[in-house]
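Pulled from TrEMBL:
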ACT_SITE  CYS116  active site, proton donor
BINDING   LYS22, ASN23  phosphoenolpyruvate binding site
BINDING   ARG92, ARG121, PRO122, VAL123, GLU124, GLN125, ASP304, ILE326  UDP-N-acetyl-alpha-D-glucosamine binding site
DOMAIN    7-404  domain 'Enolpyruvate transferase'
MOD_RES   CYS116  2-(S-cysteinyl)pyruvic acid O-phosphothioketal
Amino acid sequence: MDKLIINGGNRLHGEIPISGAKNAALPILCASLLTADDIELTNVPHLKDVQTMLTLLQQMGVTVKKDGNKIVMNGNTVHNFNAPYELVKTMRAAILVLCPLVARFGEAKVSLPGGCAIGSRPVEQHIKGLRALGAEVEIKAGYIYAKAKKLKGTRIVTDMITVTGTENLLMAATLAEGETVIKNAAREPEVTDLAHLLVKMGAKIEGIGTDRLVIHGVERLHGARHDVIPDRIETGTFLCAVAATGGDVTLTKTRDNILESALNKIREMGADISAGADWIRIKMEKRPRGVNFRTTEYPGFPTDMQAQFMAVNCLADEATHVIETIFENRFMHVQELNRLGARIKTEGNTAFISGVGKLVGAPVMATDLRASASLVIAGLAAQGETQVNRIYHLDRGYDRMEVKLTAVGADIKRVKQ
Ligand code: EPU
């Protein structure tokens, strides 16, 4: 397993290009199952999770042609409707093949994802919605078996706001007979990006970007071209890195209107932020001020940024608290940040951070993607050497992070093991 060695203390200066959004690309790749025509995608990030999803889709019979960050997919010869445990256990987003398969081919066998480092993360809302659309769904020996001659439009109100649940049911409804209403829908920009692709494919969707999606099912969908939106979490992660180390960095190929709540918190930390249509510049001249926040669904503060902001809070003078409301176990970075000298205590879903002003490098290990990112941020600001172990988590969701950080002056290198 590779690790990262970081010598902290360098200020960051220069430009970082932001990649396409992981959490938009993953459902969008699955949308290739909904049509027999070509789906041409640009701005697809180079990530382990994207590769895993492509492997799964190829096993099903989707053809994939890759050229840099461009991918052309064709679902004309799909013959296998099975998502095996071996793949789903490495990437929960594989559940996103369930609804497209049932909608177009009338059947699917998809492994239940099981638990995950950040929470139990059940998928019963995906199943409940698919049943409401008329599918017969059985759970046997760890697999979801779903069948439907033709899905039928219905009204769905999910018990909680679920991102991939909304995406799965939205894809199902595009090919269902009649009208489907999804209430309590997730409004994350990644859901909206998927909806925009589906509309280009011929889907009829109203209420895009709101919590009430109305879908008028069509007989078939056709090919389309689409440019994946910028990754707002990668953007926010680099903003946190600069807030922690100080410096002056322009993030290109991204935009500010998909991460307003996080940007407001970065400003509160004392950063000077300016932005244009496709760039965001951060200048940070002082030590960060600590910020309190509570994670919620979009447009609130994203759970996927909680760990990175907590790392910056450790460097502040003041005491802060952070409340995690989306996942029940998303504080796995706390013990590791404490190894770097942070003073964080947790009580239930609240973390209390006593700012310590400086961190000192140490070996650390991460258990999930965003936790790994928080340790990199802490390591960049810490005195001395930090080793971040188990970085396969980082490679799942960040496109060559150490290369991008080196280009702006960080002392960070990957050691192959
Ligand atoms: N939930 C249920 N039942 C369901 C579905 C969800 O109880 O059927 C619960 C979850 O356990 C969680 C909450 O509802 O407590 C919200 O979960 P959601 O379904 O929205 O999460 P997800 O769709 O599995 C996506 C992202 C996550 C991100 C969350 C929240 C993708 C591929 N993943 O997950 O991204 O944290 O939304 O915004 O889009 C990451 O990129 O690091 C990551 C974990």
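Here the Cβ of each residue, glycine as well, is placed from N, Cα and C on the backbone.
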Helix, strand or coil by DSSP: which one applies to ASP304 (UDP-N-acetyl-alpha-D-glucosamine binding site)?
helix
If I take the Cα of CYS116 (active site, proton donor) as reference, which of the binding-site residues LYS22, ASN23, PRO122, VAL123, ILE326 has the closest Cα?
PRO122
A 10 Å Cβ contact count, applied to the recorded positions CYS116, VAL123, ILE326: which residue has the minimum?
CYS116
Max Cα distance spanning ARG92, ARG121, PRO122, VAL123, GLU124, GLN125, ASP304, ILE326 (UDP-N-acetyl-alpha-D-glucosamine binders), Å?
22
Check the binding-site residues LYS22, ARG92, ARG121 for other C-beta atoms within 10 angstroms of each C-beta and report the one with the most.
LYS22
Translate the DSSP assignment of ARG121 (UDP-N-acetyl-alpha-D-glucosamine binding site) into the three-state scheme.
coil
Sparsest-packed among the binding-site residues, when each Cβ's other Cβ atoms within 10 Å are tallied, from GLU124, ASP304:
GLU124
Rank the binding-site residues ASN23, GLN125 by the number of other Cβ atoms within 10 Å of each Cβ and report the first-ranked residue.
ASN23
Alpha-carbon distance [LYS22 (phosphoenolpyruvate binding site); ARG121 (UDP-N-acetyl-alpha-D-glucosamine binding site)] in Å:
19
Residue pair ASP304 (UDP-N-acetyl-alpha-D-glucosamine binding site), ASN23 (phosphoenolpyruvate binding site) - Cα distance, angstrom, rounded:
11
PRO122 (UDP-N-acetyl-alpha-D-glucosamine binding site), number of other Cβ atoms within 10 Å:
13
